[in-house]
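Under the heading transmembrane segment, TrEMBL lists 49-76, 96-115, 127-144, 150-173, 185-203, 209-229, 299-326, 338-359, 366-387, 393-421, 433-452, 464-483. Annotation comment: TrEMBL describes 50-487 as domain 'Major facilitator superfamily (MFS) profile'.
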């Protein structure tokens with residue numbers, strides 16, 4: 001029983017941080033380029049090798065993110081049997097183990113807030129370089145740990161770095177990407193997180209926890225070195241009046257076939273417009289960042305970003321991961337906990353990979369609707385099972401529901417929120433909006449993890465799953481009625497859409513988005529123009 005409680009705590013730790021997802025990225029009114037009037041002339045835009053290398057460098061941080069999350073499950077299973085590390089293996093120390101498990105999402109929310117200041121002052125590339133230091137410090141403390149309190153401090157520092165990276169890296173990737181492949185590269189952030197988690201499960205099954213920690217620090221070292229030589233995002237440079245550097249950066253991340261001059265001209269125009277609007281509407285420089293949110297082109301993306309991050313956690317993914325071991329045991333499966341976590345991680349990786357491929361074909365919003373609908377169904381089945389079934393014969397039902405839920409989460413509500421947040425947010429308020437939405441994500445990850453047992457006692461086990469099913473239904477309505485589609489849309493088109501879009505009300509919300517499920521592109525163009 002004690003072992004099962006410890007395993008459940010381990011899975012709770014894994015689930016709490018893994019679905020914040022990270023750690024990213026930020027949709028069906030703009031469903032294709034012809035849905036809106038053309039704002040700018042067409043120009044050739046192709047990625048260079050440098051752009052792919054820069055994106056890969058940022059994605060390596062996502063692997064480090066995933067390793068930090070996935071490390072806890074196999075490591076704590078080993079530590080619970082290792083009497084050489086005091087304050088971890090005794091029954092009376094289970095509370096400390098719980099805090100070690102949940103400390104990462106708690107410290108990550110502070111890291112997310114801190115990242116806003118760092119990005120505004122130094123830029124996303126330098127911020128990603130700087131995050132390598134707390135990453136390394138956290139892992140080194142864990143490697144050198146000889147008691148539970150050193151583990152706790154190491155996990156807290158690691159959480160700060162993960163929280164800061166979870167918003168910064170997706171925004172950097174979206175900033176440097178071409179419009180055509182922006183969705184796929186943005187969704188790859190979640191795929192690389194899942195890759196890190198799966199890798200942590202595998203090395204944890206075969207290596208001692210200390211050696212697994214040494215291996216886990218490696219991607220962070222490589223990422224810090226690579227990103228140092230990459231260019232800063234041109235949009236951030238333009239926002240900070242470093243025009244010459246912005247043009248050089250754009251030249252590096254675009255191929256020789258690209259019309260860099262035309263793209264730079266458009267980016268300059270957008271930057272000048274946002275700067276002029278800000279200066280005309282803001283009286284005091286010290287208040288400028290927050291006064292931006294008095295304008296709907298900043299306020300509406302903030303509202304949508306907070307909703308995306310909240311529903312990513314409120315769908316109940318932590319509950320499923322918390323009960324992963326118990327579900328396997330109740331099904332009568334002979335699969336060991338370590339093999340079970342590997343198989344779960346593998347299923348999540350395959351589904352996330354499929355979602356990353358589909359996101360630029362199906363669009364962002366449709367994936368969220370499908371994903372949320374799967375959540376509603378699978379959580380409802382969980383609730384029915386725990387309310388009515390006690391026979392071993394029905395043990396396969398929650399196992400299948402768990403796998404279906406994980407697949408549903410991985411194709412939509414896992415990767416898409418981070419991509420959409422980065423896409424819909426204007427450049428001048430991006431760092432603040434990303435920081436606030438990331439903070440909401442990590443806060444809910446911590447709250448759900450720490451209060452799950454209390455909720456279970458208050459609502460019963462099946463009642464909690466019914467609650468998550470209802471919240472998932474709300475997330476579907478949120479995606480249907482409020483989210484725009486950003487597939488194949490330039491920054492200028494997205495920005496103009498939010499400038500023209502009325503504030504989201506009961507009357508206007510459905511008028512703007514639900515029509516895209518049934519109408520042709522030409523009809524959508526007319527309706528969107530009329531609405532604007």
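Backbone N, Cα and C atoms are what each Cβ position is placed from, and that goes for glycine too.
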Counting only CB pairs under 8 A, let me know which of 185-203, 338-359, 433-452, 464-483 has the most with the transmembrane segment (150-173). 433-452
What average pLDDT is reported by the model for the domain 'Major facilitator superfamily (MFS) profile' (50-487)? 83
Can you work out which residues elsewhere in the same chain, 6+ from the ends of the transmembrane segment (338-359), have a Cβ less than 8 Å from its Cβ atoms? 11, 14, 70, 73-74, 77, 183-184, 186-188, 190-191, 194-195, 197-198, 201-202, 204-205, 324-325, 328, 367, 402-403, 406-412, 414-416, 419, 487
So which of 96-115, 209-229, 366-387, 464-483 has the most C-beta pairs under 8 Å when paired with the transmembrane segment (433-452)? 96-115
For the transmembrane segment (366-387), could you work out the same-chain residues 6 or more beyond its ends whose Cβ comes under 8 Å from its Cβ atoms? 27-28, 311, 315-316, 320, 355, 358-359, 394, 397-398, 401-402, 404-405, 407-409, 411-414, 416, 460-463, 465-466, 468-469, 472-473, 475-476, 479-480, 483, 485
